[in-house]
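Q: The structure that follows is given in the form of C-alpha cells.
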C-alpha cells in the first residue's frame, strides 16, 4: 500500500518535472534575477555590487522615468477602454450576420491581429505619411492642414494608440463573439414578447450577461497595453521630445543602450509590480460589480 | 372574448412548406394542445401565434382582431419556453417583474402583481433567489409566473415540461391544469407527449408534417380517430394495426378477414364499397385484445415476446403467426412466458378499419 503510494507519487513527480523545470529556468529564476539585479550596480552582463535602494532612488530623481510612466498611463487610457468598447460594438454587429457572411466579416476583422507588428507599423506609416498618406485627407478635413503625426508631440501618442487598437481589436472581437453566442436566443424572444426594445434588450440582457467577458477583455487589455513597446519603438522611438517614451523603452535604454543592468531591472520591477497590482485589483473590482 | 382563430395559415422556408393551410378555432378559456411527433410543425405554429415567426399565408385572429402582421409584444400573448428562458442575473422577483418594468409601470403595481402571482404559484419564499438556486419545477413555475404577471389574453406553452423528470412532470401537469381552472385564460400548449395532451386538453390538435390531422376533445380522438396516424398516436400503448382483406359479405357493414385469422370473417361498422379482395388495416387497442379464447371474438394465435409489467396490468408484446407485432393488455393473473405460444381474442365490436392510405373507413 505505502510502496504503491510512493510509486504513484514518483510517477506524478516525473510527469510534472518537465513543466516544473521549464517554469523554474525560464520564469521563476529570471524573475528572481530581475529583483536581485535591481539592488546591484550590475552591467548588462556579469555581476555587480550590492547597492541597496540606490537604483530606485536614481529613478525617482530621473525626469525621464516620470515621463515614461505618465506616457504609459496615457497610452493605457487611450487604448484599453476604447479597444474593449469597439470590440463589443463590432461583435454586436457581426453576431447579427448569418452563415458565410459572418465568417467572412470575422476573418476581415481578425486579419490585422495575425500581422507582425513591423508590418502593421509599416502599413500605418504609409497610411499616415505626411505627403502621400491616404489618412491625411481626413486629417486635412478636420485641421485644415497636413500633419506629420509621428513628429507632432500632440498627435504622436493618439496615433500609436489608434494603430494598436486597429491591430489588436480582432482578438477582443473574437472573445466577445464567443460570449454573445453563449446567450440563448430564448432570452431575447422572451424579452421581445414582453415588449422590450433593442436598447432595453442590450441594457437588461446583453450587457449584464456579457459582463464577465468584458471584465476579462479589459484585464487582458490592461496587461497587454501596459507592456507597450514595439509600436513606439518602430514608429516614434519615443519621440518627439519624449512624448511617446514608455516604461519598457526606458528598460531597453538603461539595460541595452547604457549598459545599466541594475537600473534597467529596477524599472522592470516597477512595471511588474504595477501590472500585478492593477490587473488583480481591476479584475476583482469588475467581478464584484458583475455579481 | 380571447379566442384564437387560424384561417388557412401557412409557413414556408423557401420552397419547404412547414405549415400547410391550417384552420383551427380555439374558444375563449379553452385549453388547446398541439400534439405531434418532432418536426411536425407544432412549435412553429405556436411561435407564429406568438409573433416570433412570420406567417407566410393565411390569417391569425386573437379576440377577433387580425394580428397576423402585428408585432409579438402587441398581440397580448405570453409564452412559457421549453428552456424557461429565465434571466440568470436577475432574481425571481425581477424575472417575474421584467415585462412590467420594461413597460415602466409604477413600483407599487409591480410589487402587487408579482406578489399575487408568486402567491398563486407558491413562490413567495423564493422571490430573492436567483434561478440557479431553484429546482427544475420551481424554475418552471417562475417561467409561468412571468407570463401570469403580464395578464395576457392568451398563454402559450412550448413543451414546458420536457426538461423535468417523470414524477415532477405529472405534478406540474396538475399544477398547470389547476392554474387554468383558476385564471380561466385561453391556453395553447405544445407537446410531443400524447399523455400530456390527453390529460390537459379541452381540445387536441394533432399535427403531422405541418398538416392538421384531426381536431377534437381527447376522448373524441381516442374513440373516433379520423385516420391511422391519429389512431396510432393517441393512446398508450399505441393501437395495433393488423392487415386484413375485404371478403364478400351480407348486410350494410364491411365484411373482412384478418390475414392472421383466415376463415373467420367478421363485420365492421363501415360503409361497404370496397371490392372484395381489397387490402385494409384493422386497428385494435391493446385493451380490446384479450388473452385466451373467448366467445364471440376473433381468435388469433401468437407467440409471447416480452411483457411490460406495471403491477395491476401488464402489456404483453407478441408476434402473430404472420410476424406482425401486437400489444395487448393483461389484466388477470395470467402472465405468459416469453416464446410461449398463446391464443388471443380480438373483440370485433371495438375495432376500426382503415384503407391502405390510412384513412378511416366508417
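Any Cβ shown, glycine's included, is placed from N, Cα and C.
Under the heading transmembrane segment, TrEMBL lists A:12-32, A:74-97, A:104-124, A:154-178, A:205-224, A:263-286. Here TrEMBL flags A:69-282 as domain 'ABC transmembrane type-1'.
In terms of burial and nearby residues, how do these features look in this structure?
A: Listed as Cβ neighbours of the transmembrane segment (A:263-286) (distance under 8 Å, sequence separation of 6 or more from its ends, same chain) are residues 31, 34-35, 37-38, 44, 55-56, 58-59, 65, 69, 72, 211, 214-216, 218-219, 222-223, 226-227, 247-248, 250-256.
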Q: Which stretch from A:12-32, A:74-97, A:154-178, A:205-224 shares the most C-beta pairs under 8 Å with the transmembrane segment (A:104-124)?
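A: So the stretch in question is A:154-178.
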Q: Test of understanding: applying the rule of at least three C-beta pairs under 8 Å (pairs 6 or more apart in sequence), is the transmembrane segment (A:74-97) touching the transmembrane segment (A:205-224)?
A: yes
